[in-house]
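Peer 1: So Swiss-Prot lists the following for this protein:
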BINDING   Gly81, Asn112  anthranilate 1 binding site
BINDING   Gly81, 84-85, Ser89, 91-94, 109-117, Ser121  5-phospho-alpha-D-ribose 1-diphosphate binding site
BINDING   Ser93, Glu227  Mg(2+) 1 binding site
BINDING   Arg167  anthranilate 2 binding site
BINDING   Asp226, Glu227  Mg(2+) 2 binding site
Amino acid sequence: MDMQQAIRAVTQRIDLSEQEMTAVMGLIMNGEATPAQMGGFLVGLAMKGETVDEVTAAARVMRDLATRVEVQAGHLVDTCGTGGDASGSFNISTASALVVAAAGGRVAKHGNRSVSSKSGSADVLEAAGVNLDLSPEQVARCIEQVGVGFLFAPKHHGAMKHAVGPRREMGVRTLFNVLGPLTNPAGAPNQVLGVFSNRWLEPLARVLGRLGSRHVMVVHAEDGLDEISIGAPTRVAELRDGEVTVRLIAPEDFGMERADLSRIRVEDAAGSLAMIRGVLDGQPGPARDIVLLNAGAALYVADVAGSHAEGIEMAREAINSGAAAEKLQQLVSFTASC
């Protein structure tokens, strides 16, 4: 299937097979599609609605082209979300990653600089003094020795350079907004994946199942947050051993009070880092609570904790003991030595 055939199909609302989507993504990622063809296809696909087959095929192509990080899969988890929730919140998943590592998990944290948010995971880690310019081998050693490593997306997904311009110029959400969290270069089999819309909950859980993931929670909160929220109930699609179940969870299920999201908003990476340091230092409040909710979920899917509630208690202990604050310093020190 060539690009013109693909554009005709999606604009007529015809779904592509996995084989057809694989061919089209190959053209895009190898730079053989023009910017106009890429834009036309991605917008047409979005208006039709991407299927599980199409997203699975696209993610496989990206995974095959990625520069891999070779680490053992045991208790390995990613806390990468789609972003795009426009909440202005601090970097919750980045803080969670540090707490998870301090509690005994192993985190391959996939992320990038900010596109639409006040601060991306790369921005806040750089502000903390973390060196992002690591080779895949150095990232692997970081995960093994520190318990958490940052997989800076541009270093691992070089083929994405062909899509950067058209994506920026279109200014609308497309397939690429959800592909990032599906293409962890370390192949983390466990994941807490926040999405910007309920529409993606079950489909992405099923896609990750097809891609070989073991235990995943795909989450979207009723207040719009692409995390497990402290401000509202959160809908969860949980993939475990090939089965997907959907449920609603709320802060009060775990003995926490709801809080307005305005209390966790920041203006920039420096503000996000200050809030993260406060959480890691044990300051009580909604920022700490939302990190506990999300870190607890990551410890649960990584099979470090037997339940979400147990994961929250393990995360709480990692903060109270000082291990979480120490973990950030260990990450800074290790990457500085590379």
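Quick reminder: no glycine exception, Cβ is built from N, Cα and C everywhere.
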Peer 1: Given a separation of at least six residues and a C-beta threshold under 8 Å, show me what packs close to Arg167 (anthranilate 2 binding site) in the same chain.
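Peer 2: Expected: Leu42, Thr174, Phe176.
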Peer 1: Between Ser93 (5-phospho-alpha-D-ribose 1-diphosphate binding site) and Gly81 (anthranilate 1 binding site), how many Å separate their Cα atoms?
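Peer 2: Each residue's Cα considered, Ser93 (5-phospho-alpha-D-ribose 1-diphosphate binding site) and Gly81 (anthranilate 1 binding site) end up 8 Å apart.
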Peer 1: Whole-number answer please: how many Å between the C-alpha atoms of Arg113 (5-phospho-alpha-D-ribose 1-diphosphate binding site) and Glu227 (Mg(2+) 1 binding site)?
Peer 2: 18
Peer 1: Which entry in the list of binding-site residues, Ser89, Ser93, Asn112, has its Cβ near the fewest other Cβ atoms, using 10 Å as the limit?
Peer 2: Asn112
Peer 1: Go through His110, Arg113, the listed binding-site residues, and name the one with the sparsest Cβ surroundings, counting other Cβ atoms within 10 Å.
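Peer 2: Checked His110, Arg113; of these binding-site residues, fewest Cβ neighbours within 10 Å: Arg113.
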Peer 1: Within 10 Å of Glu227 (Mg(2+) 1 binding site), Cα to Cα, which of the binding-site residues Gly81, His110, Asn112 are there?
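Peer 2: Hits: Gly81.
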Peer 1: Would you mind sorting out which of Ser89, His110, Asp226 (the binding-site residues) have a C-alpha within 10 A of the one on Gly81 (anthranilate 1 binding site)?
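Peer 2: So the list reads His110, Asp226.
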Peer 1: From the binding-site residues Ser89, His110, Asn112, pick the residue whose C-alpha lies nearest to the C-alpha of Asp226 (Mg(2+) 2 binding site).
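Peer 2: It is Ser89, whose Cα lies nearest.
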Peer 1: What's the CA-CA gap between Asn112 (anthranilate 1 binding site) and Ser89 (5-phospho-alpha-D-ribose 1-diphosphate binding site) in angstrom, rounded?
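Peer 2: It is 16 Å, counting Cα to Cα.
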Peer 1: Using DSSP and three states only, what is Glu227 (Mg(2+) 1 binding site)?
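Peer 2: DSSP assigns Glu227 (Mg(2+) 1 binding site) to coil.
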Peer 1: Going by DSSP, give the three-state secondary structure for Asn112 (anthranilate 1 binding site).
Peer 2: coil
Peer 1: Reduce the DSSP letter at Ser93 (5-phospho-alpha-D-ribose 1-diphosphate binding site) to three states and note it down.
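Peer 2: Looking at the DSSP assignment, Ser93 (5-phospho-alpha-D-ribose 1-diphosphate binding site) belongs to a helix.
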